[in-house]
Structures are given as C-alpha cells and as structure tokens.
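Asks: What Swiss-Prot records for this protein is below:
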ACT_SITE  Asp233  active site, charge relay system
ACT_SITE  Ser255  active site, charge relay system
ACT_SITE  Gln305  active site, charge relay system
Amino acid sequence: MSAPEGLGDAHGDADRGDLSGDLRSVLVTSVLNLEPLDEDLYRGRHYWVPTSQRLFGGQIMGQALVAAAKSVSEDVHVHSLHCYFVRAGDPKVPVLYHVERIRTGASFSVRAVKAVQHGKAIFICQASFQQMQPSPLQHQFSMPSVPPPEDLLDHEALIDQYLRDPNLHKKYRVGLNRVAAQEVPIEIKVVNPPTLTQLQALEPKQMFWVRARGYIGEGDIKMHCCVAAYISDYAFLGTALLPHQSKYKVNFMASLDHSMWFHAPFRADHWMLYECESPWAGGSRGLVHGRLWRRDGVLAVTCAQEGVIRLKPQVSESKL
C-alpha cells in the first residue's frame, strides 16, 4: 500500500477542524509507543486495562505490529497479520517484543513477533509485508448504506441516553455503568443502536463508526495499520454474544486468535465503518468476521477472530 494521502474522502478531518497543532493521538504517543532495548527487541508499557483486568488484545497486536514494522524498509507495508493469544497478559508488568526476520524478499517480507512476560510467551504473530504492486485484478464488496457519523450519537451520549431511561433492564444498566467508567483512546458511534428496555436476542451483526482520538496525520501508513490493529479488537468478539444475551451471561470470554488483511491505504484518525458479524458459534467458541470501510466506500481492512466464550444461565429477576 502507498502512503494514505488523497484517499478520496471528501469529509477528511473537516468535522474535526485543523488538528495538526493538536496533541498527537494517545495511541501514538503512549499506547503503541515502544522502547528499543536491542536490535529487534522492544519493551512496551502504558497499558489500557479493560474490566477483565487482563491486557487488551488489541494493544498487544498493535504493539507487536509496531515492532515488526520497525524491521522492514520504508517502501513495504503490511498486508496480512495472523496472531495467537496463548496466555493472559499481566497489566502490571511490561511486555517484551522479540522480532524474528523470517524472510526479506524483493516483493514480500515476513516477520514473526513473540510477546513475553515473566519469561513466557503470551502472544505470537506473523506479519507479511509487501512492496506496492499495481494489478488489473481488482474487486470488492459494496459498503453497507448507513447514516453518516455526524447523524449519530457518540458512545458517551448514547450510554447516557440509555441510563436515563427508567425502563432500562438492570443487567444492561450494570454493564453500561461499567463501560461508561472506562476511558478508551477511540471514538465510537453505533449504527442502529438497539432498545434495551428488556433482555432480547439480537442478530449476530453490528456496525459502528470508529476512529482514533486525536491526530495521527497523513504520512505514516505503518502507524495507521498499527492503530487499526488496536481498533479491530474492540467489541469484536461480543458480536457472537448478541443472539444469546437474553438467556445467558458471560462467565469467561477471551480472544484465541486474530487475523487481519490490509487492502487499501486509510487514516485511522478518520471515521471508518466497522461492519461485524458472527457466522458461527459452538463448542464454547465464537467466530467473528469484520470489515473496516473508508467513508468513500473503499474496503480498507478485513478481520477475523475466534474466541473462547463460556456462558452461564441468566437468573431471572423473579427468582431473586
């Protein structure tokens, strides 16, 4: 992929004003920032901790891709990333990232990254980088037709609207208060948010507009891909829960693997539509697929993830 300039996004940052003099996105300055220790060896800190009190998988993926990208030349860019989460991460301990240069070719280069804590691997991945190659072989699906982000409530306003509803189901109220207490470095606007007055089974599909908070800029396509890795894991596996939340509650849920394919240049600090669906769940696992669309209809990234999901029956309020 080439640098993400001239993307054909007529909206660009028009809805944000000129942010070039604003603080750089915290995703760049802190969350995905790595300390070099030796050749192909880096240390990551500054971890965002979700309510699970484990490391957020998107941050580990993003940092691993940052480390891998530092070992390739400027003219090659990631086109695929395949990851396994092998142990739960400890948010109190730095993560060491070791990059192995598997192959450096004329067109493609492959890097393996191992993330280590307490002397053991918690995460492994392989990333493949490609030099830009024009080709007549081109097609893509069509982007879903949805309202633009300017017409939708942001995540904070939507949660506030839900919480002000006196008919909101108790289960949702507890979960929304927990989410509202978190500070995340991304902005989200949900498309067609459901009503939450009662527990209900929903279709295993969701869509939301998403972008990094703050300014990243145009020039560094590698960093935009690393930020997309972070973004892609947010609320992704939860898509598989939507048909079952009326009868069950989560006992344990964690990502097992995650794959990404990068198709076209994009800016992660511009709005992108994240289209998520779960085609299958079973055997205490759920499978989710996702597509990140640019506003001009270009398919930028495709994602897939499988995770472990262990449920327990929902206790009805009449039995309490």
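A Cβ is built for glycine as well, from the same backbone N, Cα and C atoms used for every other residue.
Given the structure is predicted, the values throughout are model-derived calculations rather than measurements.
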Asks: Out of Ser255, Gln305, which of the active-site residues has the smallest number of neighbouring Cβ atoms within 10 Å?
Replies: Ser255
Asks: I want to verify one value. Collapsing DSSP to three states, which class is Ser255 (active site, charge relay system)?
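Replies: DSSP call for Ser255 (active site, charge relay system): strand.
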Asks: Test of understanding: give the count of other CB atoms lying within 10 angstroms of the CB of Asp233 (active site, charge relay system).
Replies: 24
Asks: For Asp233 (active site, charge relay system), which DSSP three-state class applies?
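Replies: Looking at the DSSP assignment, Asp233 (active site, charge relay system) belongs to neither helix nor strand, so coil.
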Asks: How far is it from Gln305 (active site, charge relay system) to Asp233 (active site, charge relay system), counting Cα to Cα, in Å?
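Replies: About 9 Å separates the two Cα atoms.
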Asks: Whole-number Å only: compute the distance from the Cα of Ser255 (active site, charge relay system) to the Cα of Asp233 (active site, charge relay system).
Replies: 9
Asks: Check Gln305 (active site, charge relay system) against DSSP and tell me helix, strand or coil, would you?
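Replies: For Gln305 (active site, charge relay system) - judged by DSSP and reduced to three states - the answer is strand.
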